[in-house]
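The structure under discussion appears below in the form of structure tokens.
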Amino acid sequence: MGTQALQGLFLLLLPLLPLRGASAVSLYSPGLSECFQVNGADYRGHQNHTGPRGAGRPCLFWDQTQQHSYSSSSDPQGRWGLGAHNFCRNPDGDVQPWCYVAETEEGIYWRYCDIPTCHMPGYLGCFVDSGAPPALSGPSGTSTKLTVQVCLRFCRMKGYQLAGVEAGYACFCGSESDLARGRLAPATDCDQICFGHPGQLCGGDGRLGIYEVSVGSCQGNWTAPQGVIYSPDFPDEYGPDRNCSWVLGPTGAALELTFRLFELADPRDRLELRDAASGSLLRTFDGSRPPPPGPLRLRAAVLLLTFSSDARGHAQGFALTYRGELGPGPPTPALFSVAAAAPTELCSGSGKRAPGIGTFPGSRGPRRSWAVWYRRPQGVALPCPPGDPQAEGPATGYQPLSASSQSSLRSLISAL
């Protein structure tokens, strides 16, 4: 079982287990992100210090910064999110959210904010690149016009799963096996501006900012239970004469979409939503008809999204999250409800106890064995019969989790 399947398992576990800070794993889930633009211009969270959890300098209130360029009076419509508060924001399109602070003796009166939850889904984190061996082992290149999407497009064309930007001008490609042995660095280490875009960060000195190449792709077939779809070329602006399509087919009788960003240039740039089975048009949105705020629920098991732009099209585009909604039916097994069941060991489908598993930390109650099965991109944990370490698979097509993956799962739970 590869890293991609494990990511699906981690996603299901994260809502059930307490988090102790940001990590690359936590960034896979759109539900754990407060930002969908690469520079955090859409951040509307409540961090009011330059560091997470009250660390760093306290921010000044935006309605008390009239002596500076940005204050609540300079944003009467609230477009930049300024107001009678002191939360971090990015009103000027800088590389990340920031705030004004009490002026220091050195004359410093503002600081960037380190916000762990303000990283767009598809960004996997800042990683150490010692160069021997390189953090991403695939092809590489440099460009004085480098942007995040330039690197993503390069690695996508080369057939790789991951793209990493470094030092503002370097691009590296790699696979999930590279990520498995990667070493995370503090998010603030990836602080160098992309040579091709003043509003984007492209890694740092000996630091790689790593992305999934699916970000900003022009087509795709999405079957994960939840995820994010970005407009083509995102986080750059989409270009002219684009014709793109995506198929959404998560398990469920309906789909819930939520538009996190929507900025199309004019009515000729259009996004259509169709029932993939019947071809019937469900919704149309364009530059003059944006989607409604809040969740949009569609009764379609499989959805086809098509986007087209005219010869003049240039705008930020869109970012939408989706999730499948199950209709009424028989109850399904709990998805990795580890904490509630308090298991003490895992068992494999072969009837032999998976090696190297041991007990879960903090477990209470009677000892109970569990078997973990998966069918990409989902998995279920089923209780074994008392006294019998063997459990039957939940349905055709599921496979027992391998011993090495069981060990990785145990390590994740121990870390949390």
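Just so you know, glycine gets a Cβ as well, placed from its N, Cα and C.
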Which listed span TrEMBL calls region 'Disordered', if the choices are 270-292, 385-407: 385-407
When the domain 'CUB' (218-325) is classified with DSSP, how many of its residues are helical, how many are strand and how many are coil? 0 helix, 57 strand, 51 coil
Helix, strand and coil residue totals from DSSP for the domain 'WSC' (120-214) stand at 18 helix, 34 strand, 43 coil
What average pLDDT does the predicted model assign to the domain 'CUB' (218-325)? 93
The domain 'Kringle' (34-118) - residue tally per DSSP class, helix then strand then coil: 9 helix, 9 strand, 67 coil
